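Features as listed in TrEMBL:
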type    : residues                                 : note
BINDING : Gly24, Ser25, Gly26, Lys27, Ser28, Ala29 : ATP binding site
Amino acid sequence: MVYRAARGKRVNRPLRIGLTGGIGSGKSATAVMFEKLGVPVLDLDRVGHAVIAPGTNGSAQLIEAFGENFLNKDGTINRAALANHCFSSDAETAKLNAIMHPLIWRAEEQWLEKLQAPYVIVEASVLLESGGVGRMDGVIVVLADENVRLNRVLARGDRNEKQFRTITARQCGDDQRRRAATWLIENNGSLQALEAEVNAIHRKILATL
């Protein structure tokens, strides 16, 4: 584990700590462990679903930008089809991000305003890629060797190796993640080892307050 002091000055709100890592790194397991310590956790992937639910402004913006071809029969956005369409074009990706990022960031701010806690965790798989690091007071990065991550993903049974490679190619590399990290977890071992890392980071964050 590597530790550097959290960024910036203290303000009258909870410290906002980003949590990120590649697919299969153990980022979500790490988030659950922070929740067990009583730390509020916001999953931005789930927020991304909520802000484009049927009837929302986000859904309307996507339909206007991309048409109704990406709607399911129940009125929900077909996120997989839209993602496949956008990731084939930088221009379409930029158009999607220009809609989604402000919606997600606004929801994050509204969530944070309601909380009274020493610090919160904002979990995001593309925290670096979306430019979200600047909103954070510190960043926890979870890394694991590629073969370890692949085996974890295959064991879950929801994606195959080709899908793993495709997602990995769209995400930033570990060198970039290391440079952004305030706290770095190398998660190639057991859940018990991961929990020990989480507990240590929790104590260090509280010590900065």
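The backbone N, Cα and C atoms fix where each Cβ goes, glycine too.
Just so you know, TrEMBL annotations never went through curation; they're auto-generated.
The structure, with features from TrEMBL marked on it.
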residue : record           : contacts (Cβ under 8 Å, 6+ apart)
Gly24   : ATP binding site : Ala144, Val148, Arg149, Leu150, Asn151, Arg152, Val153, Phe164
Ser25   : ATP binding site : Val142, Leu143, Ala144, Arg149, Asn187
Gly26   : ATP binding site : Val142, Ala144, Arg152, Ile185, Asn187, Leu194
Lys27   : ATP binding site : Leu19, Thr20, Gly21, Glu123, Ser125, Val142
Ser28   : ATP binding site : Glu123
Ala29   : ATP binding site : Leu191, Leu194
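Same-chain residues with CB within 8 A of the center of the Gly24, Ser25, Gly26, Lys27, Ser28, Ala29 CB atoms, the ATP site residues themselves not counted, are Gly21, Ile23, Thr30, Val142, Ala144, Arg152, Asn187. A coil conformation is recorded for Ser25 (ATP binding site) in the three-state DSSP classification, outside any helix or strand.
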